[in-house]
Structure formats: C-alpha cells, structure tokens
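Engineer: Okay, handing you the structure first.
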Amino acid sequence: MTLIQAILLGIIQGLTEFLPISSTAHLRIIPALAGWEDPGAAFTAIIQIGTLGAVMLYFRRDILSIVKSVATGLWKGNPLHDGEAKMGWMIAAGTLPIVAFGLLFKHEIETTLRSLYWISGALIILALVLSLAEWKIKKRLEEGHPLKSMEDIGWKEALLIGLAQAIALIPGSSRSGTTITGGLLLNLSRETAARFSFLLSLPAVFAAGAFELYKTWDLITADPGNIMNLAVATITSGIVGYLSIAFLLNYLKSHTTSIFIAYRLAAGAGLLLLLGGGTILP
C-alpha cells in the first residue's frame, strides 16, 4: 500500500463511516475497482479508531457527562439516577449483541462475508428496509404522533438497536445505516437515531480496533511503511469523520435519508453489473 492509497482510504473511511452507506463496502469496492489489494478486515477495524476519535471529540461533553453520571450512580447505589446515567447503561446494553455476534461469526465476517456479492446484496436490502422505516416515520408524522427523543430511549430500544448494529457485521450493511434504520423503526426522530447511533458506536469500534491492533501488532511493526500508512489513514479518517458527523446531524434536522437510499440502491445494482460483466472479481 502506498501513502497516497492510505490517505484515500482514510478519506473514504471518514466520509462513509457515519453516512448510512457503509464504510466497509467502500473500502472493499474502491480498491477492487482501482486494482489495489483488499486492505482487509483488520486494516478497516484499525483505521476506525480515527473515526472513533471523531465521535469522542464531537460528543466530548455528552461523553464526559455520561461517564461522570454513571460513576456517581454506581457510587450512590442508584445506577439510573438521571438521564445521563441511564444513557450510559443504554449504550452498554446496546453493545452486547454486536459483541456476541462478532465473537461467534468472526471468521465468516473476515472471509466469506467480504465477498462483493454479499456486499451488493447488503447495500440493496438495507436500502429497502431504510425506505420502509422512512415511510413509517412519514406516516406517524402525518397522523400527528410525536417522535421519540434521546430521553425516551429505554432497554427495549437500546437492545433492538443493538441487534441492528450486530447486523452491520455483514459488510455493506453500514453500522450507522442499520442503527439509524432501527431507530426510525422504533419511532425515534432522525436526528435522535443518528445521535444514539454515533454514541453506540464507541464501545464496539474501540474494542474491534484495539483487538485487531493487538492481534496484528507484530506484522504492523515489522515494516515502518505499515506503521506510517496506518497512522496516516487513521488520522485522515478522524478529520474527515468529524466533518461527516457535523454534516449528517445538521442534514437530518430538515431532510430524510432518501438520498442515501437512492445511493445504496444505485451502488448495489452497479456493483452487481460490474461483477456480472467480469469487470471486477468478487
């Protein structure tokens, strides 16, 4: 991998990690189109630490408040004593499904499911489910029913959105895409669904990145070029990711996710055509 490739992959990761279009799909598709080697699941997991940093920086006040409140609640023997403490436990609960499924299906995630056929199918299927979620939200608003805010997220919402996050282990699904879709199906507002999605990503992305970094440390440090490429890609993804978070939260205040649905359908169909025509290999 060249330094230019590392920078481009970092930009791709930062742009697509938080938009519901799948960063893993793009990190798999674009190298295939460009004739580069597949960067691999480990590379993808490690550079996500950059986008993890973007979430921590953007939501730093929320995170500090949640951590402080959870600690206070534990000290006082009342874990759910306020909204911030409750949110901390909802994030913890929502993380359980992806941990369980990630450990159970780790081999398949890193091999079989990285096939471009799986990715194209995931792009299309989630677009259809997200379209259904948007229809449900539109109908609810037309009937005059309110949408849920962060304060309304309870155990049921946290666990179900956590299950949606576990589906994102299938490359092409999009972690933000599945969790935002899950939130919309549970009647969260678009902005609330996105905000909870980003906060929910923290434990899972940190754990995956740290694990892959530990597992591949000897391989990475064996070549100074590997260290440089990973560092550059990670930093680039963090900078671009921060801008993507700001964009999406602002965008969803007054827009639906229709543009992302259309993009996913076009990308999935286009990928199938390229595979069918032999332009790229699965």
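Including glycine, each Cβ sits where the backbone N, Cα and C put it.
Dumping what Swiss-Prot says about this protein:
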type     : residues : note
TRANSMEM : 1-21     : transmembrane segment
TRANSMEM : 39-59    : transmembrane segment
TRANSMEM : 85-105   : transmembrane segment
TRANSMEM : 115-135  : transmembrane segment
TRANSMEM : 153-173  : transmembrane segment
TRANSMEM : 193-213  : transmembrane segment
TRANSMEM : 229-249  : transmembrane segment
TRANSMEM : 259-279  : transmembrane segment
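What's the neighbourhood like for these features in this structure?
Structural biologist: Sequence-remote contacts of a segment are chain residues at least 6 beyond its ends whose Cβ falls under 8 Å from one of its Cβ atoms, and for the transmembrane segment (39-59) they are 1, 9-10, 13-14, 17-18, 23-24, 27, 31, 109-110, 114, 198-199, 201-202, 205-206, 208-213, 215-216, 230, 233-239, 241-242, 244-246.
Counting only same-chain residues 6+ beyond the ends of the transmembrane segment (115-135), those with a CB under 8 A from a CB of the stretch are 20-22, 24-25, 28-29, 32, 170-174, 177-178, 180-181, 184-185, 256-258, 260-262, 264-265, 267-269, 271-272, 275, 280-282.
Tertiary proximity for the transmembrane segment (229-249) is limited to same-chain residues at least six positions away from its ends with a CB under 8 Å from its CB atoms, namely 1-3, 5-7, 9-11, 13-15, 17-19, 43, 46-51, 53-55, 57-58, 191, 194-195, 198, 220.
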